[in-house]
Amino acid sequence: MATEMTCTRLTIVTVAGIFLQIIGLSIFVFGFFPVKPTLSGVSDSESYRHPLCDSALSTNDSEIHPEKLRLLYQELSGISSRYDRLILMVIDGLPAEFVLGKDGQPPGRVWKESMPYTQSLLANGDAIGYHAKAAPPTVTMPRLKAMVSGAIGGFLDVAFNFNTQALLDDNLLGQFLRIGWKMVMLGDETWIKLFPGLFMRHDGVSSFFVKDTVQVDKNVSRHLPNELNNDDWNLLILHYLGLDHVGHTGGRNSPLMAPKLKEMDDIVRTMHLRTMVDRSHDQGQTLLIVVSDHGMTENGNHGGSSYEETDSLMLFIGLSSNISEYDAATNNLAFQVDLTPTLALLFGVPIPKNNVGVLVPGTLNSLRDFEQLRALELNSWQLFRLMQAQLPSSLFGGFSCNCFLDGTCEGFGSDISECSGDKEKQLICLFRNAAVLHGIWKSKKLTESSAAEDLSRAIDAYNAFLKTASEWLASKTTEKPVLLLGLGVSAMLLSCVVCIILFLSLFKEVYNGPKDQVCCLNYLLNLEELFILAVLLILVISMGSSSMVEEEHYIWHFMVSTFYLLLLFKTVKSLGFSKRLNSLGEYKIGSIVLLLISGRLLRGWHQGGVNWTYFPDISKWLEQAGGSYVKRVQLISSFLVIVLGLFTLFRTGSKRKSVIIQAFGFSICGFLILLHAWRYQDGMFEVSTDNGATVTAKIIYLLLSISAVGGALVLPWSMQNRERSILAIAGDCLYLIGSAYVLCWCLLQLLLQQRINSGPILLLLIQILAVSCLSSKDLHVNEWVEIAALYYMGMAGHFALGNSNTLATIDVAGAFMGISSHSTTLSGILMFMITYASPLLFLLSLVMYIGGKLRNHSPLAHSDTDLGQLLKLKLGFPCLVPLCINSILLTAYTVVLLLMRNHLFVWSVFSPKYLYVCATTVCTYVGVCIVAATVAYTLSVTTFLRSNNT
């Protein structure tokens, strides 16, 4: 770039680079994240024929009457159906540990005593429970799809969880509908969205309004007496959301958890006693199954892959399992997808085509020997069909239909073989062994000489194949399109290069260095600049380690604290280590010490990450001390935020009406936030019947918007002074607007964040004010270093608020503050604002930073500079620094993710982190856009008014 870059050209190239980055990111995301290979259509009577046998011509199953189709399926399956009705009770978010215990130990005393009837069923052998492992992401929609289709969805299902679409793949409910079943659904409306028009009666409730822990369950239970008396349904689905909501708002140890467990236990008791009455009056057999879609962390959140989140419950009540010991009824393992083939075979319908689950062990004990083998055979055939779609046909050479029907395969003999070699060959071998042993049992069962031993060998062989095939299919995804991935990475690399070139070009102009000096090796970086670049290098290197990704907060806290120490060292050194410091030196050192103290408090407030979250921290101490201590910290912190924010507004000494009106608006907002904290947040676990909290929150939203946006629009027109330069006027105006932005954002976060996070909000505000004071006192630090430090501080604050690189730490509860009815868009925006509170806060503080720099600007430099030059140097440079940092980190992690695509933790560690990186990119775009619009508007108005006055 030999010619000097104009403001227009800079803007065009920057926007083009951003769009290029967005395009590259979109291409990479849709190319990288997996799409599970699926078979089209639905399973029908052909599923009861061997997959290697030619299909016989038959009529379409859809043309057969539902009752005749049911009888046909029952005849072809060869398994007698002992049940004619099914009750599926889904307790959202219930960890299996609450009911079955953990590691062979019974559940905790509080949990066990809260569900006495369920525990008595397990102790008496009337129920059998399983720790059903759920696949990540552990959110409701993909987990429901897994339970009814047996298929494991893609990783991006976590995004679709907030906008559920109809399930078009083969599933259990569709199979039940084909045989004429009538279905009723009460509870989570996700079922209605997944299966529109399927239920003859339904009453749905929103799963996202997590403040509701009472009415959301009462709305389900109020229908229960009538539905249990009705005999017009075959499937009754009850999806209770209250326990999940209790977890989101109060965690596992919430005082409302035990009463909620007791409420669920009473419902189980009501339904079980009714099924017992129906059975005694020969009114049919009803199977009651209690399941959960996922577990929850200690804080009550979910979405990740930790044991606490994936430990879901699967409880069969009324199943003849022949289990009499409590340990045998509780220490069982399964996978969530195993529910699909188990229910399909128990109720006589074909297993859905894309199922990767296997029969739940112990659920078929009541069947006769040949029925157990037939059930295992049908499950094996269904998985074998999925394998056929993904394996080359050459692997099936030498096999024929008769080979598996009579148990003797030409060229293979009748003995089983040792299975070794590639995984694909092992699968074929295991399948053949199971079929051969099944054939041997059939030929010997009449002699009774060794039937029991042959039966055991055949069952073991089937289980070996099913286990291996299920694991292989569950991990199988479509091949990633290399061309798309390469195109996406190339676009992001090019965008990153554009940002760096623009930054270096402006760097030369801002610091007035020789044109050939800044970009060559002769330019010597000082200590602070080297450190900022070293932080970037360390972050890029650490991205390749799964442990460092999980514990990334240590890097940010350590690096930010080290930067504060560098500032302290440089400040003391510049003062000559004199024994007597002047007031300016004391001011600087005091501000840096304040940064160090606040940074250490932020570091210790939440023990973040994944592996050591159980370590003590300030938030745990306060919560253990009692809710009254948390409330005191909340009220004191909120009051101090209001006082400091208002003090900053009047710091320039301006007493204009516009500033006074703005300060009055923020004062009203502060009072309402204190009132909200005092009156409503004690009852945060209950839904307010008078909607007072919702109305108060809406008023706060309105006042904050008017005060911040209105001030930004009005202040530049009301602060003209002919005696002062344009830069001084614009600096005062921008400092006031930036102060208003910061105060507005802090007040908003006090409303939205968990109560325990009010302390960190105050500490983040103190850090911003300290940095603002330091930057106005000439730290002898380059401008780009100060801006980069603000970006780093924002990321450190992000983790200090309790966030991590797992989806489980996303705070869902605050996303419905002030929303009377569920709105995916509004709640999604609020969730984003809560999660990225700190990065956006420090990006908004750039308006203050730019204003402070303009206020201290020398009147001799750039006094006659036009508007374009001002915007380029005073706005373009501060905006390019965060864009460059984010672009480097985004591009680097994209390359890392591509290299780690076959890593063991690619979906549990690296992929969630990449979603956060993408969201951080959006956060950076939003923050920079707000800063650019505000500064450009203010400078334009100021220049326009001055030219008119002249």
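The backbone N, Cα and C atoms fix where each Cβ goes, and this holds for glycine too.
Feature list (source: TrEMBL):
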DOMAIN    528-939  domain 'GPI ethanolamine phosphate transferase 2 C-terminal'
TRANSMEM  12-33  transmembrane segment
TRANSMEM  483-507  transmembrane segment
TRANSMEM  519-542  transmembrane segment
TRANSMEM  584-602  transmembrane segment
TRANSMEM  633-650  transmembrane segment
TRANSMEM  659-679  transmembrane segment
TRANSMEM  699-719  transmembrane segment
TRANSMEM  758-776  transmembrane segment
TRANSMEM  788-808  transmembrane segment
TRANSMEM  828-852  transmembrane segment
TRANSMEM  873-899  transmembrane segment
TRANSMEM  914-939  transmembrane segment
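For the transmembrane segment (659-679), same-chain residues at least 6 beyond its ends with a Cβ under 8 Å from one of its own Cβ atoms are 631, 634-635, 638-639, 641-642, 645-646, 649-650, 692-693, 696-697, 699-700, 703-704, 706-707, 710-711, 715, 736, 740, 743-744, 747, 750-751, 755, 758.
If you look at the transmembrane segment (699-719) against the transmembrane segment (584-602), you find fewer than three C-beta pairs under 8 angstroms, all six or more positions apart, and that falls short of contact.
Ranked by Cβ pairs under 8 Å to the transmembrane segment (483-507), the stretches 788-808, 828-852, 873-899, 914-939 are led by 873-899.
At the 8 Å Cβ cutoff, the transmembrane segment (758-776) and the transmembrane segment (12-33) share fewer than 3 close pairs (sequence separation 6 or more) and do not count as touching.
Residues 5, 154-156, 480-481, 484-485, 487-492, 494-496, 498-499, 502, 876, 879-880, 883, 887, 890, 894, 897-898, 901, 911, 918, 921, 925 of the same chain, all 6+ positions outside the transmembrane segment (12-33), place their C-beta atoms under 8 angstroms from a C-beta of that stretch. Taken together, the residues in the domain 'GPI ethanolamine phosphate transferase 2 C-terminal' (528-939) have a mean pLDDT of 85 on the 0 to 100 scale.
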